[in-house]
Amino acid sequence: MPYSLEEQTYFMQEALKEAEKSLQKAEIPIGCVIVKDGEIIGRGHNAREESNQAIMHAEMMAINEANAHEGNWRLLDTTLFVTIEPCVMCSGAIGLARIPHVIYGASNQKFGGVDSLYQILTDERLNHRVQVERGLLAADCANIMQTFFRQGRERKKIAKHLIKEQSDPFD
């Protein structure tokens with residue numbers, strides 16, 4: 001189902017809310033929602049650190065929730081909104097779930113499986129191709145990632161300072 005720009009913006013803002021959940025837990029802040037007939041049927045945010053599971057990416061969580069909602073592994077007639085270009089693993093899962101439409105915010109230059117490094121969702125050698133739109137609220141999506149990495153650098157500085165204080169009692 002095609003969505004208006006206003007509707008797309010709303011759904012990407014919902015994905016950003018999911019990303020914020022990850023940011024609050026010091027997880028890489030990526031958020032995702034899956035929409036069918038104008039209704040969010042799956043939500044997810046990165047939870048690898050919290051779960052100690054490498055596959056707990058936002059897209060994987062949203063796909064699992066949408067599968068449960070639909071009672072089907074095929075997510076036909078859905079649109080996946082995600083703040084950052086899906087990685088290779090998530091791109092494969094999107095294809096396997098038969099999601100026909102993906103809209104992402106910012107590109108993923110290090111791990112992108114849609115455009116940046118690989119083109120899994122549009123590869124003609126595969127049996128399922130996905131319509132992809134990119135750049136929706138890209139600045140907002142990139143900004144939350146920049147906030148995460150800035151906070152990480154600040155945490156490292158504080159940790160180094162505390163270690164130095166503990167090791168040098170005469171400072």
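Using the three backbone atoms N, Cα and C, a Cβ is placed for every residue, glycine included.
Bear in mind that the values here come from a model prediction, so they are computed numbers and not experimental data.
Other Cβ atoms within 10 Å of the Cβ of Glu59 (active site, proton donor) number 29 in total over all chains. The active site, proton donor annotation in Swiss-Prot covers Glu59 and is backed by sequence analysis.
Listed in sequence order, His57, Asn108, Phe111, Gly112, Gly113 are the same-chain residues at least 6 apart in sequence whose CB falls under 8 Å from the CB of Cys87 (Zn(2+) binding site). The Zn(2+) binding site annotation in Swiss-Prot covers His57, Cys87, Cys90, and the record cites sequence analysis as its basis.
Summarising the annotation, Swiss-Prot assigns domain 'CMP/dCMP-type deaminase' to 6-133.
Distance between Cα atoms for Cys90 (Zn(2+) binding site) and Glu59 (active site, proton donor): 6 Å, as a whole number. Following the DSSP three-state reduction, the secondary structure of His57 (Zn(2+) binding site) is coil. In this structure, the binding-site residues His57, Cys90 were compared by how many other Cβ atoms lie within 10 Å of their Cβ, and the smallest count belongs to His57.
For the domain 'CMP/dCMP-type deaminase' (6-133), residue counts in helix, strand and coil come to 48 helix, 30 strand, 50 coil, using DSSP. The Zn(2+) site is defined by His57, Cys87, Cys90, and by the 8 Å test on Cβ atoms against their centroid, the other residues of the chain that qualify are Ile30, Ala58, Glu59, Met60, Pro86, Val88, Met89, Ser91, Ala93, Phe111, Gly113.
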